[in-house]
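To start, the structure under review is shown below, and the notes come after it.
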Amino acid sequence: MNMSSYANCISGTIPSSSEVQAEKGISLNTQTCPTRIRPKTMSSAASIVRRTINHRPKDNGGSVKVALRLRPRNSEELENDADLTDYVELLPEMKLLRLRKNNWDYEEFEFDEVLDETVSQKEVYDVVMKPVVKAVLEGYNGAVIAYGSAGTGKTFTLANLGKENYADRGVMVRSIEDILDDFSFGQDSVSVSYLQLYLEAVKDLLAPEKGNLAITEDPETGDISLPGATSVELKDRTSFLDLLTAGDANRNLPDSKMNIESTRSHTLLLVEVRKTVKGKQGKYLTASYDGGVSLQTSISNDALTIKKSKLWIVDLAGSEIRENKSGNEGLSFDEAKFVNLSLTALGRSFHAFAEGNRHVPTRDSKLTRLLCDLFEGASRTSLIITIGPSLRHKVDTRNSILFGQRAMKAENMRRVKDDFDYETLCRDLQAKVDQLTAENERQSNLVFDAEKRLKRITEEVELTIQKSERQAKALLEESHAKILLIQKENMESIKKLKQECHQLEKDLNENTRKFCTQNECVALEKTQIEDEISRKQQEMEECLQEYHRELSDIIARIDKECIQRQSVERRLKELEDQMKARKRNLNVPK
Ligand SMILES: Nc1ncnc2c1ncn2[C@@H]1O[C@H](COP(=O)(O)OP(=O)(O)OP(=O)(O)O)[C@@H](O)[C@H]1O
């Protein structure tokens, strides 16, 4: 690529650090490696790629996510449309848009996201693009495509570089920031091609001298590639801004006719992401995903898997071109024809894809051929429909809305079809009115019943309150009387206790006194008893002495008697002996 073609375009693209920090979640890669320009073909990489076709990623609820964005009024519209009634009404919470037909009638459309004029670029990115970038980093293909008539904000939404206001940078810059944030330096790579599709010719915006690039198809895999397209490997955010600035400069060629070329051509940014992830030796990481097409190459020896995915960011030509309206000055037949061809093919492809048709007519235009990966099932695509607020552009607005609706699933489109079927609409409305009237009546009855019940309950509550108040008053009075009685009883008890206490004190004193007196008496008595005892003892001693004396006398008498008795016994013995002797002498037989 001709480096000089964008080397001069870098000034003013680097935000101040405060601007960077102002937006949470944006961390810039501070590496200063120069941008490497690598004229590489898209097919050269594809040749080592193994393609697996599976189901959609789990969280991909629909085929294509369609968001609608309303541009704020510009100064001209603020001035000129002041007295015009609003044509567009958005109900973002309900994801609805209404187009006013007249004062009492409107058409209503539902989208996946409805973004009003107050929504910031960051919010648009978060809602519409962040899930796509996430899927791309996981190995799926993704795209965001902006569709709308001229001046409705397609380029602002996608390609704003944030030079004038950092917060206004668009989807392209923010996507690259997020991708680089997830980037493992030395392992992963992010390459960018910047293309323009004008009159069905593909121009390389990074090397415009190359002319019309050929689209080739791999006969075996059916892969589409642009072998001649410049692919620049990014190292940091600054290199990307340089690239876009250079590419944008090539969109507006000096030829005055080309100044309007931007709105009569499609601009496509292709971001190719290669991420190296660790996997089991010889196994493709595809097995760990629940569906999805992911382009992967297994490096057999070091057990690393390279996930390859593509992200397309497409700023379409102004949709009003397809109408070839008289307002489009200088619009050639060919310009209208090719824009119409590609946008119609894109609409048909979206519709076929949304309806789940096996065949999606991607061969009908170069635009759909380039984007054919998106219609294969595993990609994540967001379509942003941009509209202006002015009543003057109501035809373009309505056409853009219908394009978006066709890209959505059939059930989401029913509302649109119904709007055109007057009879069905009338029938539906009448049924709705009947239903609402019946519902209203039912609700009124419910309200009436509820009011009656409420009145009854209120009366009951009031009665209960009155009764409770009465009871409380009686209880209070009773308690008061009881308290007085208890107080009186207590006073009396205290008085009585005091008296008892006094009496006890008196008794104690008396007893003490009595005790002392008794003590004295006892002492006297004790002395008397002691005297008595000693007297008695003395008497006893005397008695004892007397007794001893008597006893001695008795003993003496006994002794004397004993002596007398002994002498008697001796005499008796002598007499006995004499008797015996006499007997023996007499010879008296025994
Ligand atoms: N959400 C927005 N907030 C502020 N200004 C906006 C917004 N959308 C668009 N604009 C402004 O409106 C003008 C037209 O926008 P833009 O060039 O992005 O429209 P477009 O649809 O890309 O038109 P074309 O098809 O002609 O390229 C620009 O000046 C742009 O700054």
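Note: Cβ is positioned from N, Cα and C throughout, glycine not excepted.
Any TrEMBL annotation is an automated prediction that lacks curation.
Residues annotated as domain 'Kinesin motor' in TrEMBL: 63-410. For the domain 'Kinesin motor' (63-410), the model's average pLDDT works out to 83.
As annotated by TrEMBL, ATP binding site applies to Gly148, Ser149, Ala150, Gly151, Thr152, Gly153, Lys154, Thr155.
According to TrEMBL, the coiled coil annotation covers 426-585.
Less than 6 Å separates the Cβ from ligand 1 in the case of Gly153, Lys154, Thr155, drawn from the binding-site residues Ser149, Gly153, Lys154, Thr155 in sequence order. Set side by side, the binding-site residues Gly148, Gly153 differ in how many other CB atoms lie within 10 angstroms of their CB, and the most is found at Gly148. The residues near the ATP site, meaning same-chain residues not in Gly148, Ser149, Ala150, Gly151, Thr152, Gly153, Lys154, Thr155 whose C-beta sits within 8 angstroms of the mean position of the site's C-beta atoms, are Arg71, Ala146, Phe156, Thr263, Gly318, Thr386, Gly388, in sequence order. Comparing Cβ neighbour counts within 10 Å across the binding-site residues Ser149, Thr152, Thr155, the minimum falls on Thr155. The number of other Cβ atoms within 10 Å of the Cβ belonging to Ala150 (ATP binding site), over all protein chains shown, comes to 20.
DSSP assigns Ala150 (ATP binding site) to coil in the three-state reduction, outside any helix or strand. Fewest Cβ neighbours within 10 Å among the binding-site residues Gly151, Lys154: this applies to Gly151.
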